[in-house]
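Asker: As listed in TrEMBL for this protein:
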type: DOMAIN; residues: B:82-271; note: domain 'ABC transmembrane type-1'
type: TRANSMEM; residues: B:20-39; note: transmembrane segment
type: TRANSMEM; residues: B:88-108; note: transmembrane segment
type: TRANSMEM; residues: B:120-139; note: transmembrane segment
type: TRANSMEM; residues: B:145-166; note: transmembrane segment
type: TRANSMEM; residues: B:196-217; note: transmembrane segment
type: TRANSMEM; residues: B:252-271; note: transmembrane segment
Amino acid sequence: MTVPATAPTAAAAARPAPGAARGIRRHLAYSPWLFAAPGLLIVAVFSLYPFVSTVINSFTDRRTLLPGHFVGLANFRELLHDDMFWIGLRNSTLYVLGVVPALVILPLLLALLVQRHIPGIAFFRAAFYTPVVASIVVVGLIWVWMLDDRGLINALLETVGIGKVGFLSDQWLLLVSSMAVTVWKGLGYYMIIYLAALANVPRELHEAAAVDGAGAVRRFVTVTVPAVRSTMVLVAALSSVAAFKVFSEVYLMAGPNGGPAGEDTTLVMLVQRVGTGLSGRVGYASALSVVVFVVVVALMLLVLRADRKEDA
Amino acid sequence: MNAPTVTDAEGRRVAPWQLVLRYVLLIAVLALTVGPFLWQLSTSLKGPHEDIFSSPPSFLPGDPTLGNYGRVADTIPVWDYAFNSLKVAAANVVTNCVGAALAGYALARMRYRGRRAATLAFILAMLVPVEGLIIAQFTTMRELGLNNTLIGVLLPGSISAINVLLMRNAFLNLPLEVEEAAFVDGANVWQRFLRIALPSVKGTLAVVAIFAFMGAWDDFLWPLIVLSDPDKFTLTIGLNYLHGTFANDERLVAAGTIIAVAPLIALFACLQRYFFRGVGEGAVKG
């Protein structure tokens, strides 16, 4: 599933389980494993084992139908000389830089907008969540149609006299358009996370600031932002990891080959293209995947470190 | 809009100008988030002789018809695809709810050697990015002989680590005394799980169910990799195919996307109260 859950699960992992009576264990020594077995099995076979085998495969020349041999760092050396790899890395990085600031700030403003319990607000909250619910394929096809040369947005631009813009034909506009779609689809999701955080901001802080004569903008900067800062870091972490791994938006809008001359290919698109099919280069695709792992972990550490530094 | 007397949940009066501004902004965002879906719906209802490329655009179909929905079914077996998606999504709900509840209970409420290791396994699995695993999952699926089957589409996400950890947190938040009392009264672990613990975490279970359904129904990358036989396509893959084949008739593509999204929006509209409550309670607090 694509919906990233939030960090508290990991944070709560450290909490000790309250001690059940000793007898519980003696009575049913077998059952804990019986309870956990299905979950452990699925996770071991489809997450942990594939992770280990990806790392191992990255040092081989394995192909879909051929077993492959150990080739050391050859795949990684080849990456350095592969133009497509650098294009993918560039685009995935640009995606993070373009999408993350928007997804940290806009959903917060949206959450402030729907925070008050005014009549009809439940409807608006649910409606703003609609793009999150819709499949990425549906979203992609809708925006391809909206941004088409003859689509709604160009028709509107023509009507007001600006003229057509080739959103889907220009290499850079394509990437920017995909980013806009990613932001559009993610707004509602991060809005909900911010809503939960805003609920914990004490009202008195705002009132005190208002008494001191702070306007809305000033209260936002001096009260709201500091109060939800850790949530902003969480959103930055989640959205940057998701942005770096982008596949569907670009695949759907730029096509399987990644737009003009493949210039819009992202890293995960490259993994999919190189590694699948009957002649798929499993070893090389695994090396690409390892790069994705490393960057994702680095991004998380970077964001979390930024959080800690500001705390100090 | 009876502005002057409106109060918010805390019983505070909201200034009328503020309220008007708020609704104006809300409606603007509404147009931005829901508008594209309505435009797609409108396109799907436009008749064959209507100019769908007119400038200025016409927002209402001049010659409304449901014919495009029939024509989608003539060009791709869209109802079969929808049924495939439904099968995978329904199975995903069952496996995730059952599997995550069982494992979550084991992690939260039982004491045994290896419990920490089991918890760690789920946390690690949650942190590994799926996008980097797809090739290895694909080769694993080949080895299991499950490529190009709906079971193969289902299995990797059938009990997702994040759901296990969500359920674990929900169980941890329950007071232990009730279960201890039941234990003293002689209830065994199944009875305590089924009769006491499970009914108390319905909210989280509902969130898991909704996410599981949406996740399976909306998934694109994994089915794209695992399925090669058009008979077995799920709706998302079928739509991508429709787009590739009939890009010239936007009415058909539009009708196809509406078929894919309408059931989800309806489902979400029905369940959104539980969803927002459940998310507010458990998933994103902290």
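Yeah, the Cβs are placed from backbone N, Cα and C, and that goes for glycine too.
I'd like to know what surrounds each of these features in this structure.
Answerer: Here the transmembrane segment (B:88-108) has Cβ contacts under 8 Å with residues 115, 118-119, 122, 150, 153-154, 157-160, 163-172, 193, 197-198, 201, 205, 208-209, 211-213, 215-217, 234 of the same chain, all six or more residues outside its ends.
Counting only same-chain residues 6+ beyond the ends of the transmembrane segment (B:120-139), those with a CB under 8 A from a CB of the stretch are 103, 107, 147, 156, 161-162, 164-165, 168, 221-222, 225-226.
Sequence-remote contacts of a segment are chain residues at least 6 beyond its ends whose Cβ falls under 8 Å from one of its Cβ atoms, and for the transmembrane segment (B:196-217) they are 85-86, 88-93, 95-97, 100-101, 105, 109, 154, 157, 160, 163, 166-167, 169-171, 174, 178-179, 182, 187, 235-236, 263-264, 267-268, 271, 274-275, 277-279, 281-283.
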